Structures are given as structure tokens and as C-alpha cells.
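Shown next, in C-alpha cells, is the structure this report addresses.
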């Protein structure tokens, strides 16, 4: 929102939420009605082309979002080296509003504007007219309108909303109050209206012009430089006809320079070009991929989780993962992305964070959860993880946290396989067991003397059981086989605190994978279910029982560039398995935590608190 919102700031269909696309439904239905009554040969092709062009624009913009976020996650050729936060993602959530507005105006033009009906597919004279009118009147009028928007009166009421984003993303380009964007639409419509009135309008030049506007807008706000210098040396006049991402980035950091739309011509004429434009262009292109201290390895979970990744759908990724009905409609794209991901032979960077001087990256192993249960995939998955660890070691990383890859215990023994294969490995491998167990133990209410443990026995479960038994808290197990497996592993002095019973009466249950609904219904009403597994259990109880998140903590404010949710966790909440890697680097610990090795729980818990991480209940 602008500093002091002016008239017509809010979009008229804002309250419709996800149903805002219904505002164009009358025109879409009208188009199909014409097809049904008149046939394809008699219907206005230009009128029907509006909806496909609208969908093409959505796909085009999303492609820019994904490319920009992937590139900026690597940190290479980045222009402004700062992170963005959830408030910016929320502010830019309505980036498709301008596409809806454009579609409405095109529909109105195709119906009522003289010369806008039954236009041919292509007219060269119309294409030339669009190009000339854009380079002339549109660029000139935009330049002076943009300068006017930077006057205090208009800036505080309208344009400040756009400039709230210092670090831009492609979609930042269309984030404006309603009245301001209407003015832009009127300005950009000059070439199209002129073509209609002169009888030179045609479908493809108009669609191409709209896509050109999207292309240049997205490019100017992508926050990474890729336009080569040799292009301007090869054709020097091009610097007056095309801006670069770094050129427009300076407008967002300096505010009073580089006002041009896409062609810097008028900035040169009126002496408003930033003097550092060329230097920033060269510097950004020379930018090397930044050093990394902590690499967090993760992987895709469900088929639709690809959309929840940071480079996926920005609005979807900024909320805890939940299956949506409309995602099921995208199953062809989901399956295609799965095949492409599976075919990709290396981990790829999906997120970049910073805390103090420690640099962190999250790398996704190109496999989904179900792949880990396939015997024929085990060797390939181990190879991908091994390759990622070696790459992190080569880049000078201090720590690799194995994250969700801990589920691959049967594949690599919680990472021990890699230590045996690479005994001189410089990077430390941590599976996060110590902090995950500490979070579970500290989630148990004070004064609790007895808990029930139910679910598959993992490394975290074993550590939790041992810690509770040492505190003289009785742990009741409902699985006899698991009970006989754990009992001998406990020291003699505390083993008596581990009990077996088919009917645990405690109101605190520690639950993990493999716990079915029938088992959950054995608990009393009001039971507190505390999860120790990496994946959340199915919440079968809808009564007064409560369920905790998977082991996680709220991250401190000094952890930057956090604007997506980690799987199902709330905002600014990070899994314990991921946090341990950060603590390991911050504290300078020089030991592995994998295989049977577990770091001291109290030491890790104290370090987490010291660095500002706090329990989720204290958020």
C-alpha cells in the first residue's frame, strides 16, 4: 500500500479473492456462444484470441519468476545483494490483476472500438506503426508521467507502493495501485488504438506488443544481469533503445534517476541517466557465484510440492504447504515436472539465506519422497547425495545438513556411508538428530512423569527415549518388538523407566511415522501429540487433542531472505534438522553428526537459544 493511499487505490475485484477471474467470464462465455451459434469461420478470431493470449502472459510471467528465483538463489550476477521478506511477497501477490485488466480492455476494444473487429492475423504496416508509436509517444509520455509520479503528492499516494520493493522480482514491475495501472494501460493502448482506427490492426502484432511489454518489464525487475556488454559494442545505438536489468535496478535504489520505460533515450536527453549505470552493468556481469558456509540438502515431497518450492508459485510457497483442489487440475504439468526433475542429474539451488556472516543455501536433490521406497532408485539417490556433498566440499562449505534425506537411513546409514568413502572430507555432515530430539524433549509439559511413544523407531526416537529415561520420565511403548529392541540399548540405571503396555494412559504421546488412526484413538481425550518424525502424521483426532509441528523452531529476525515456508511449517519456522547445520557453522564445531554419532543435546539446545532460535510455542 502507498504511504498515503489516494483515490482508486484498491482493485475493484480485490474482495473476490481467488474468484477474481470470474470478472472476465461474461466475455469468455460470449466468445464460445459465438462459436456455437456461428461456427469457427464466422466468429471473430481476434476476440477469441484474447483468452489464450491472457493465459500465455500468465505462463510467461511465471517462467520469469522461476528463472529469477533460481538465478538469485545461486547469487551469481545478482544486482542488489539483499533478501526479500514475506511482506513483499504478500504485497506482490496480486501480480495477475493487471493481466485481468488488460483482458477486459481488449475485450471492450474488440467489441466497441471502430476497426477492432474481425482483424486479420498479420499486417506489416500495423506492426511498423505499433513499433513507431511505442518508441515515440509512448516512451516520451511515460518518461514525463513517471517523473510526475515521483513528485511528493503523487509518490506518497500512488507510486510509493511500487517502490516499497527495493530488491525487485519480475512481478514487481506490475505492482501498482489500481488508478496508476489504469493510466499505464491507457498509455500502452495508444499504438493498438491507432492501428484499429487506421484499419491496420492485426492479431499477432498486438499480442507480440503486449508480450514485449511483459518481457521488458520482467527483465528490468529480475535483479540479475545477463545482457552482454558486447551487444552494445556491436551496435552502439542499442543503448538508447533497450535498457538492462541493472539500469532499472538503479531507479529502485536511487529513485531520482533512470526514469525511462524500456528505452533510455529520454534519460540521455534530459540528463537523468545515473552515471553509474555502465559501471554497475559491468560489475553485475562479473559477479561470481558467492561462497557458501552451510548447504542444506532436501528433496521434493509430494507430486505437487514442486509448486511450493521457492522458485515455484510465490504466493503458494509463502504459506505452509497444503494440498489444494486446483492443483489436481495441473496433474499433466506436475507429472511432466516430475519426469524432468528425475532426468536432471544434479542437485540444484532453490534458496539462499544469510545470518550474520554465515551464508546458507538449500539444494534440492531431484527426487520425490516416493523414490526413496524404490529399490532400483537407491543407488541413483546415493549417487546424487554423494555428488552434492562433494560439490559442497569443493565450494568450501563448512557444513552439509542432510535434512529430509535422513529418511534414507537404509540407503546410507544416516550419512555414515559417505564418511567411510571419503575419510578426509573437509565438510562436516550433520543429520540434525540432537536438536530434533531436544525440541521434542523440551516440548513435553513441565512436571510430566510419563509419556507414550508410538510410531516407527528412528534415530531421533532412540535419543529422545534415552534422554527422558535419564530424567526419570517413564516412557511407555505400545509396540512389543520395538520395546525389546530399545531396552537393551539403555544404561542399566535408567532402563527401568522404559515400559511396555498396549494401553498407554498418559496424556502426552510422542508420535512418529507409521502411526495409524486406530492407534491415535487409543489416546485419551485432551492428549497432546508431539511429533518426532520429519513428516507430519495424519491428524485423526478432531476432539480436544492437540498436535505439535514436526521438530522445528522459530528463526531470529537476523536470518535474512526468508520468504517461503519450509514444507508444512508456518512462516519463519525452520525444521530442527536444518537449523543444526546453521548452528554448527556459527559455533565452529568440528565434528560430524551422522551414523550413530549424536551431538550433546544440551549444548545444541543452548546454542540455538543463544543465537535467537526459540520454540514454536513462543513465536
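Using N, Cα and C of the backbone, Cβ positions are placed for all residues, glycine too.
According to TrEMBL, the feature transmembrane segment maps to 99-115 (among others).
The domain 'Fatty acid hydroxylase' annotation in TrEMBL covers 136-272.
As annotated by TrEMBL, transmembrane segment applies to 186-212 (among others). Sequence-distant contacts of the transmembrane segment (186-212), counting only residues of its own chain at least 6 positions beyond either end whose CB sits under 8 Å from a CB of the stretch, comprise 45-46, 49, 53, 56-57, 60, 102, 105, 109, 113-116, 119-123, 125-127, 129-130, 133-134, 137-138, 141-142, 145.
The annotation transmembrane segment is assigned in TrEMBL to 329-350 (among others).
The domain 'Very-long-chain aldehyde decarbonylase CER1-like C-terminal' annotation in TrEMBL covers 451-615.
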Beyond the flanks of the transmembrane segment (99-115) by at least 6 residues, Cβ under 8 Å: 13, 20-21, 23-24, 27, 44, 46-47, 50-51, 53-54, 57-58, 61, 181-182, 185, 189, 192-193, 195-199, 201, 210
Local confidence of the prediction over the domain 'Very-long-chain aldehyde decarbonylase CER1-like C-terminal' (451-615), expressed as mean pLDDT: 93
